[in-house]
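K.L.:
Below is one structure. I have some questions about it.
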């Protein structure tokens with residue numbers, strides 16, 4: 001009991017740890033919901049090149065996760081820890097590159113390269129923040145209950161971060177009307193001369209105001225990024241002894257990677273959440289365009305997004321109680337599947353603002369489950385791995401980084417393909433209305449495809465072997481192993497002392 005008392009985390013420590021997860025979610029939410037529509041309608045990048053930027057940025061983001069995981073595994077411990085220095089040094093450069101993503105350069109050529117370079121740079125730097133932060137879960141306490149509790153705090157703050165990202169970006173940008181061209185594809189001629197005349201009558205001042213609004217939002221989010229990083233660094237202590245057994249021997253990165261990828265529960269877990277993440281990322285990436293053009297709520301989409309995120313934030317505590325009461329696998333089935341009827345309803349029912357808000361609030365409940373459960377279940381897989389490979393340690397960053405790698409890589413492919421499909425459907429940049437083929441494509445991207453991916457993920461979760469009974473057995477076995485290790489160390493120290 002004394003040992004457990006020492007391992008307990010204070011509420012302040014849990015809150016400071018949780019706040020560290022907000023920058024990734026705030027910036028990720030702003031980019032996920034708004035970058036596509038920003039590139040198409042504000043920066044006026046062609047849909048084909050926008051798909052390249054989004055695809056390449058996401059894929060590069062995925063590649064950097066195992067790279068950072070590798071370098072973290074080679075990092076020596078310092079007085080700040082092994083993970084904290086990565087968070088400290090990446091923060092200022094990440095803020096600069098994030099701001100430049102939302103800046104429209106006054107250059108005739110090279111605009112695509114500008115966004116590609118700074119988008120990839122930001123993804124690299126935010127990975128240098130988030131991978132060590134994610135692995136920090138295993139270094140704040142040995143107690144599984146304390147890690148689960150800290151994860152619940154973290155998920156609550158991270159979903160709150162998505163609310164802030166949506167609110168800041170949406171409300172600041174939403175105050176300015178983004179100008180559009182009245183139905184250019186319905187004009188009698190589609191010649192370049194006609195399009196040029198339409199562009200000349202375009203309100204350039206309004207477009208400048210929109211661009212300024214995006215930069216103001218980027219500045220506010222950058223300030224929050226710095227504040228959250230400072231709270232994390234000042235309020236959390238990285239404990240080396242929390243993750244390692246005293247008898248552990250280090251294993252090389254590639255040996256550790258081979259061990260991790262051969263661990264069955266890990267593969268089954270990431271396979272299930274891979275398709276779940278794909279479903280929600282497709283919804284996230286295309287929802288702003290869907291609300292603007294298909295539903296016709298051009299001036300309301302930011303408020304609809306905010307309703308989703310607020311609903312998700314408020315229901316995180318419910319899902320934490322639910323998984324504690326009924327188990328994590330049950331929470332997966334109930335939580336994620338609850339999104340299906342609402343994803344169908346939003347495209348089947350007639351376009352109504354009231355119905356859309358009801359669907360948004362209901363969908364937010366499922367979003368909360370999708371946020372909480374992967375990060376709550378991954379520590380269980382790591383504990384199971386430690387029991388099977390008690391002689392190796394230091395693989396936490398590999399588990400977390402490759403989980404994020406697979407999710408981001410496939411998300412990059414899907415987002416690039418979805419933007420490219422809009423180009424093939426005939427998406428009209430800066431148009432007030434889109435052709436019927438574009439609206440049909442958007443319906444598929446936010447409803448039919450996500451529903452199919454969710455159903456596939458639920459089938460995969462049936463194969464996941466760590467239920468509540470298995471989790472309790474692992475916890476007890478790991479605790480016995482640590483006590484045995486500590487007792488052996490104390491015995492060796494006593495024997496050495498008697499010899500001296």
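From the backbone N, Cα and C atoms, a Cβ is placed for every residue, glycine too.
Predicted, not measured: the structure shown is a model, and the values here were computed from it.
Pasting the relevant annotations from TrEMBL:
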TRANSMEM  15-35  transmembrane segment
TRANSMEM  83-104  transmembrane segment
TRANSMEM  116-140  transmembrane segment
TRANSMEM  213-236  transmembrane segment
TRANSMEM  266-283  transmembrane segment
TRANSMEM  303-323  transmembrane segment
TRANSMEM  330-348  transmembrane segment
TRANSMEM  354-376  transmembrane segment
TRANSMEM  397-420  transmembrane segment
TRANSMEM  440-464  transmembrane segment
COMPBIAS  475-485  compositional bias 'Basic and acidic residues'
REGION    475-500  region 'Disordered'
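Show me how these features fit into the shown structure, please.
P.N.:
Counting residues 6+ beyond its ends, the transmembrane segment (15-35) has Cβ neighbours under 8 Å at 9, 54, 87, 98, 101, 119, 122, 126, 129-130, 133, 136, 140, 150, 153-162, 164-166, 168-170, 173, 214, 217, 221, 224-225, 228-229, 231-232, 234-236, 281, 284-285, 287-288, 305, 309 in the same chain.
Same-chain residues lying 6 or more positions outside the transmembrane segment (116-140) and placing a CB less than 8 Å from one of its CB atoms are 9, 13, 17, 20-21, 23-24, 27-28, 35, 52-53, 56-58, 60-61, 64-65, 68-69, 72, 81-84, 86-87, 89-91, 93-94, 97-98, 100-101, 146-147, 150-151, 154, 229, 232, 236-240, 242-243, 375, 379, 382, 396-397, 399-401, 404.
Here the transmembrane segment (397-420) has long-range neighbours at 36, 47-48, 50-52, 54-59, 61-63, 65-66, 68-69, 72-73, 83, 130-132, 134-135, 137, 253, 256-257, 260-261, 266, 269-270, 273-274, 277-278, 281-282, 285-286, 374, 378, 381-382, 385, 445, meaning same-chain residues at least 6 beyond its ends whose C-beta is under 8 angstroms from one of its own.
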K.L.:
Which range wins on Cβ pairs under 8 Å with the transmembrane segment (440-464): 266-283, 303-323, 354-376?
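P.N.:
The stretch with the most contacts is 266-283.
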K.L.:
Based on DSSP, tally up the residues of the compositional bias 'Basic and acidic residues' (475-485) by helix, strand and coil.
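P.N.:
Result for the compositional bias 'Basic and acidic residues' (475-485), in helix, strand, coil order: 11 helix, 0 strand, 0 coil.
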K.L.:
When you check the transmembrane segment (213-236) against the transmembrane segment (266-283), do you get at least 3 Cβ pairs under 8 Å, counting only pairs 6 or more apart in sequence?
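P.N.:
Output no: the transmembrane segment (213-236) is apart from the transmembrane segment (266-283).
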K.L.:
Between the transmembrane segment (266-283) and the stretches 83-104, 303-323, 354-376, work out which stretch tops the count of Cβ pairs under 8 Å.
P.N.:
354-376
